[in-house]
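Engineer: Straight from TrEMBL, here's the annotation block:
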SIGNAL    1-23  signal peptide
DOMAIN    162-423  domain 'Peptidase S8/S53'
ACT_SITE  171  active site, charge relay system
ACT_SITE  208  active site, charge relay system
ACT_SITE  377  active site, charge relay system
REGION    436-516  region 'Disordered'
COMPBIAS  441-483  compositional bias 'Pro residues'
COMPBIAS  495-504  compositional bias 'Basic and acidic residues'
COMPBIAS  505-516  compositional bias 'Basic residues'
């Protein structure tokens with residue numbers, strides 16, 4: 001039934017073709033499969049042409065444009081809607097102005113000939129680039145180094161902790177029961193490979209998402225502890241699809257499906273991608289920016305070679321984040337630029353844009369504990385947390401002003417290179433660029449010793465009066481014989497007791513408890 005409906009759809013669309021010169025593009029991979037006459041049904045994205053005029057990219061406008069486009073498909077619209085409403089067979093991705101469908105390469109080739117189609121491409125895999133495995137760690141004693149390195153305590157001292165800001169978090173999921181994340185999750189959604197939402201309670205399919213979430217809003221490990229999370233599980237077990245990621249991106253922009261309610265993310269953190277340049281990511285990222293949402297993405301763990309950046313972190317318009325270690329040196333695994341784009345962007349660009357701490361980073365771990373991990377996956381949420389703090393200090397801050405403050409205040413003093421971009425983030429410096437004065441880092445409290453209670457003063461006891469002895473008649477003592485040597489001797493008897501026996505009864509035995 002599915003193959004028959006898809007075939008009828010393709011034939012109907014072919015009948016609507018007006019001019020092959022206006023037709024869309026079939027991706028090289030799909031074209032090769034069509035040339036081989038592959039008969040297997042595969043998932044494809046059909047991206048339509050649409051009004052790319054700036055200022056018309058709100059969630060409401062994007063939904064409207066996709067609906068209008070589908071309405072222009074004429075006789076094919078009914079068949080397409082049937083596929084879209086069949087579970088696992090289709091999904092509307094308004095952020096990308098596309099639909100996900102299952103069909104054969106030949107049917108995809110027919111779709112690509114429609115004038116209103118921009119391109120048709122296969123749904124491809126997206127992963128979490130690994131730099132290191134997670135190791136168990138203990139709760140940090142004091143402020144962790146990754147927060148000190150960027151000056152987060154100074155921003156907190158001035159009262160800026162990300163309050164009022166919503167952060168979109170696309171990852172492997174989240175464990176909201178970790179103490180670091182208690183009360184931090186606003187909304188959660190899980191998406192399948194076809195972009196359809198899966199009904200599930202908040203959970204982490206691995207550990208990666210809980211770790212990155214802690215770096216965003218964790219109580220003691222997060223950069224913006226007063227911000228809230230909108231978390232999408234798009235990488236089950238650290239691997240997902242393009243449709244999955246785009247579905248998550250559009251959901252964090254409009255979680256309740258009502259574009260008139262202000263419940264979407266202000267900034268989005270993504271620690272995922274693939275090495276190289278992927279044009280497929282460009283349009284949804286541009287639409288996200290036009291919707292007023294700031295994308296902060298990991299640059300990739302494919303270094304140290306030049307030209308090793310990954311998509312979507314290497315898209316020129318996003319804030320691409322690399323990693324440094326505790327000494328301030330760029331991590332060996334952190335991807336380096338330059339990156340060359342064609343098509344929507346044409347030219348060679350310096351990447352990353354900025355660097356943040358990314359080695360041996362302690363954050364929340366599923367359950368009640370902590371874990372340590374390294375990677376640009378850790379650097380990206382730290383940078384996104386910085387953006388949240390800046391937005392809390394300057395509500396309504398635009399992308400251009402934010403980038404200027406963030407980049408010009410970084411450690412490279414306005415210059416940039418393909419290893420560290422503009423350098424290590426300087427949060428107090430960025431606040432100063434925005435005309436906001438950061439405070440001094442709060443001093444650790446000086447422990448006040450517990451007051452020592454004085455020993456109670458002993459109260460004098462009343463003297464014990466012995467009863468008077470009954471008098472006896474005197475007995476005449478015998479007259480002592482004179483001593484033989486002729487000298488007087490004092491009578492021997494017990495000496496009177498001295499009230500001071502030389503012992504200090506006022507001191508307690510043993511040592512007092514020592515504070516730890």
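The backbone N, Cα and C atoms fix where each Cβ goes, and this holds for glycine too.
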Engineer: Return the residues near residue 208 (active site, charge relay system), defined as same-chain residues 6+ apart in sequence whose C-beta is under 8 angstroms from its C-beta, sorted by sequence, else 'none'.
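Structural biologist: Residue 208 (active site, charge relay system) has long-range Cβ partners 128, 134, 171, 172, 235, 238, 271, 373, 377.
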Engineer: Which three-state DSSP class does residue 171 (active site, charge relay system) fall into?
Structural biologist: strand
Engineer: Find the average pLDDT over the domain 'Peptidase S8/S53' (162-423) in the predicted model and report it.
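Structural biologist: Computed over the domain 'Peptidase S8/S53' (162-423), the mean pLDDT is 97 on the 0 to 100 scale.
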Engineer: Through the lens of DSSP with three states only, how would you label residue 377 (active site, charge relay system)?
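Structural biologist: Its secondary structure by DSSP: helix.
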Engineer: Measure from the Cβ of residue 377 (active site, charge relay system) and count the other Cβ atoms within 10 Å, all protein chains considered.
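Structural biologist: Summing over all protein chains shown, residue 377 (active site, charge relay system) has 32 other Cβ atoms within 10 Å.
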Engineer: Under a three-state reduction of DSSP output, how is residue 208 (active site, charge relay system) classified: helix, strand, or coil?
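Structural biologist: DSSP call for residue 208 (active site, charge relay system): helix.
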